[in-house]
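Everything below concerns the one structure shown next.
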């Protein structure tokens, strides 16, 4: 049920952003829209993954931290959805809201859920999240400069490259987890 709900929320936003990729007349705009489109797909996957992990963990362990994690995750999804839908109309401002959602999540979530481990709930220190927070803040600065039309093509290219690296890492981790699951 969770995958269907996530799909129904994220799919229209993805289509709206894809429209920006196809019909925009500026290359910098198209690059940024493509980056946000790929990010929308990845964040939909993460939303599904995180909500499913919480639901599975709640069946195994009773811990109040799971409720907190779930609330932070749902608020993050709502913020990101607002950003993705806004990106369908105003690419820059939608991107800022998306990045605020990512920063929100990485600032306030303090556990990791690993359902395949003995210790399902693991503490996740801010120092472990610091590289991601720095990248999110850097992205926020870049998109702000893009909105101000300061080096917009170079910034679009940089944000596209950052998104490609992020999605590649996520894809690599996904395939590694499949190999791990085959071994178990």
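Just so it is clear, glycine is given a Cβ too, placed from its N, Cα and C backbone atoms.
From a predicted model like this one, the values you see are computed outputs, not experimental measurements.
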Transmembrane segment range according to TrEMBL, out of 38-55, 92-109: 92-109
Residues from the same chain, set at least six apart from the ends of the transmembrane segment (92-109), whose C-beta lies under 8 A from its own: 32, 36, 39, 43, 69, 72-73, 75-77, 79-80, 82-86, 124, 126, 129, 132-133, 136-137, 139-140, 143-144, 146-147
Distal contacts, the transmembrane segment (154-175) - CB-CB under 8 A, six or more residues away: 27-29, 31-32, 34-36, 38-39, 42, 45-46, 135, 138-139, 142-143, 145-146
Contact set, same chain, for the transmembrane segment (68-86): CB under 8 Å, 6 or more residues outside the stretch: 6, 9-10, 12-14, 16-17, 36, 40, 43, 47, 50-51, 54, 93-102, 104-105, 108-111, 113
